[in-house]
Amino acid sequence: MVFYSCDPSYYLVGPSNRLCLENGAWSNAIPTCLRLCPEMVSPANGYMVGGFLANNTLTFNCKPGYWLRENHQLLCDPNTGSWRGWNGTIVTENPQCKNIDECSRGANTCNINAQCTDTVGSYTCRCNPDFEGDGRSCSMTQAHYQDSQGWTLIARFSNKDTKNWMRDDASWWYTLTTPQGDVNNPGVNQDMISAAFWVMNGNNIKITRSDDPHHTTLLQTTSNCFSTQTFRSMISSYGMFTRKTAWASNQCLGKCHVSYGGNYQSTHGFSQSQCISNIQSSNYIGFWCDWSNGDGAVMMIGGGGKDCARADHGIAITEADAASFVDGSECDFGDGAGSKCASSYSLNLWIK
């Protein structure tokens, strides 16, 4: 009888011994030694399928909430006895399943008004203050109005009452935390600010008229203009401009691309929606805009500059030589702060 064994790093395939029979023949076939790759183990929070022999493959997978950065499949090289990854490189370390941070990746189902917290293998959602729900569905606890498409009414600009949006202290833009006006009725011609102005996160805004019962969109921003923040967070991120502090000089501090609809061309504040000039072109709404020789707007609609009736058209417009909140000629919205402010209807501002 003879016995067979293989050198280290090889695996015996076939019988480990053979017997010389009476007829002079050997029992069994001659075994072979195959290259054996280093042992791998199933990763924590995952599993492994395959073998360790030459030309065998090992496939690694992870449980939900975990991921393999690379080398999810390895091949045992018959010539070298090494594991090789998908790109042919030698792999010596056992693949590991890493925790997925669903929050930072945006791979979660948390509500836009909720906080996502990463946990090992998963994540949790919790509604922001002033909201209630399970974190995946969050509703404002304070009074607010929302239309059938999920847009939330956050503000209204009217010239029929006090110019609240042009107050010298700019408190309606920056600091007011008590709702004012009728927050539940978009048909009222009266200034309004809802708690949603400072608590409701969103990506885009739209503008409608108070005298339109269908709330037809006149202007809507596109391409996630606000990157999931409240309107107050966005508008105040450019700086604190109160009283005589000029907010810009021959420019807009920010802008978002927009699309127009409804009867926008006949709506006050939209006169330059088709104009292109040096400050801004037609399909944009600008924030904190000023023209070099005077006047400006907190929200300038359409083109602005020397070829587009300067900068006092849109929402919160002023005739001040250096655009600010201290000036006698101003409107909550309109075309030209030096002319009579339109007062037969108001403009509603929504966020989503």
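From the backbone N, Cα and C atoms, a Cβ is placed for every residue, glycine too.
Annotation source TrEMBL lists domain 'Sushi' at 1-35 (among others). Secondary structure by DSSP for the domain 'Sushi' (1-35): 0 helix, 14 strand, 21 coil.
The disulfide bond annotation in TrEMBL covers C6-C33. Sequence-distant neighbours of C33 (disulfide bond) (same chain, 6+ residues apart, CB-CB distance under 8 A): C6, D7, Y10, Y11, L12, V13.
Residues or ranges marked as domain 'Sushi' by TrEMBL: 38-99 (among others).
Annotation source TrEMBL lists domain 'EGF-like' at 99-139. Remote same-chain partners of the domain 'EGF-like' (99-139), defined as residues 6 or more beyond its termini with a Cβ less than 8 Å from a stretch Cβ, comprise 45, 63-67, 195, 199-203, 228.
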At a 10 Å cut-off from the C-beta of C6 (disulfide bond), count the other C-beta atoms across all protein chains.
16
Let me know the model's mean pLDDT on the domain 'Sushi' (1-35).
86
Reported in the order helix, strand, coil, what are the DSSP residue counts of the domain 'Sushi' (38-99)?
0 helix, 24 strand, 38 coil
